[in-house]
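For reference, TrEMBL lists these features for the protein:
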- 45-77: repeat 'WD' (REPEAT)
- 135-176: repeat 'WD' (REPEAT)
- 177-220: repeat 'WD' (REPEAT)
- 221-262: repeat 'WD' (REPEAT)
- 274-306: repeat 'WD' (REPEAT)
- 307-337: repeat 'WD' (REPEAT)
Amino acid sequence: QFIEMKVHVMEVRLELLSVEVFAMHQVAEKVEVVGALSIKTRRVLKGHTNKVLCMDWCKDKRRLVSSSQDGKVIVWDGFTLNKEHGMSMPTTWVMACAYAPSGCAVACGGLDNKCSVIPLSLDSNENCAAKKKTVAMHTNYISGCTFTNSDMQLLSCSGDGTSALWDVESGQLLQSFHGHTSDILSLDLAPSETGNTFVTGGCDKKANVWDMRSGQNIQSFECHESDINCVKYYPSGDAFASASDDATCRFFDLRADREVAVFQKDSIVFGASTVDFSLSGRLLFAGYNDYTINVWDVLKGTRISMMFGHENRVSRVRLSPDGTALCSASWDNTLRVSRSFPHE
């Protein structure tokens, strides 16, 4: 019976594939065009002495954490530009960092193959790094990490081709996820309170969706022609975007089980390194290796704005939790906080 059911599911899928599929921009033809954007850099955060590789916002919408090739993890006040904590790690290339949901800890990892959790103190003079605790261990570099919906569990992904779910308190491996055939470069947790799925992208050009409870790879997409550098869920959780070295960003609908949009232009020849959505999901911010950030209209598939200012590759773009600020991290050693998205 189970085999019959699987065959039936495959037949239905093949039927769906044979139906004429309209691209999202065709469906959205009558939708109003997004008005002109006025996005200005309000803050430049300077403190790292080498490439900034990652950053993440705190849920308080004010603080953020960054990690760098200089081996430092810095917690910033995004309003005052104050450095609240500066922590030295035992390795350079701290490639991943994440804020805990409570705002009381950060996680980070990199070339030491470990992901550590550091509790934060209200006293900025206290040596927080001394209290760091190794939670995750991989057999190759840590490329990404994120807390689940509590401070008690941590997801990590690695150059060893696996991702894993860990118990923060005990450091115990709760679930491992196998399915990529090369380095995983990015992961993102589904944006729901009961978020039991996450998506990963990597050097095998695949984006895989996983069930956290079973460890199963439940959906897989292979449309890019080169490494997938970043994956990010759409705010509703029903879709995700990817950024690749093939100079395109792509949009995948999980319910349709297919790619529904490609964001590209002939003039864009450099790889896309990072993506994030505006709060409504109408805009897609994409950072590129030519130092720019392109802003795409998700529905129409057109580029509506370009942001300049960085002097090297943009490694990360992240919208603040309230949607009012965009932070970009770059290999030019700085982070820039930009504001004002009028149509939102």
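Just so it is clear, glycine is given a Cβ too, placed from its N, Cα and C backbone atoms.
Bear in mind that TrEMBL entries carry predicted annotations, made automatically and left uncurated.
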At least three Cβ pairs under 8 Å linking the repeat 'WD' (221-262) and the repeat 'WD' (45-77), pairs spaced 6 or more in sequence?
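With fewer than 3 qualifying Cβ pairs, these stretches do not touch.
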For the repeat 'WD' (45-77), name the stretch out of 177-220, 274-306, 307-337 with the most CB-CB pairs under 8 Å.
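Most Cβ pairs under 8 Å with the repeat 'WD' (45-77) come from 307-337.
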Within the repeat 'WD' (221-262), count helix residues (DSSP H, G, I), strand residues (E, B) and coil residues, in that order.
0 helix, 23 strand, 19 coil
Taking a Cβ cut-off under 8 Å, which residues six or more beyond the ends of the repeat 'WD' (274-306) line up next to it in the same chain?
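Residues 23-25, 28, 31, 33-34, 36-37, 39, 229-232, 234-236, 241-243, 247, 249, 251, 261-263, 265, 268, 312-319, 322-323, 326, 328, 330, 332, 341, 343-344 contact the repeat 'WD' (274-306) from elsewhere in the chain.
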With Cβ-Cβ distances below 8 Å as the criterion, list the same-chain residues six or more beyond the ends of the repeat 'WD' (307-337) that contact it, or say none.
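Residues 39, 41-46, 48-57, 59, 61, 64, 66, 68, 76, 78, 273-280, 285-289, 291-295, 344 contact the repeat 'WD' (307-337) from elsewhere in the chain.
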Would you list the DSSP helix, strand and coil counts for the residues of the repeat 'WD' (45-77)?
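DSSP classes over the repeat 'WD' (45-77) add up to 0 helix, 20 strand, 13 coil.
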Quick one: DSSP breakdown of the repeat 'WD' (135-176) into helix, strand and coil?
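Split by secondary structure, the repeat 'WD' (135-176) comes out as 0 helix, 25 strand, 17 coil.
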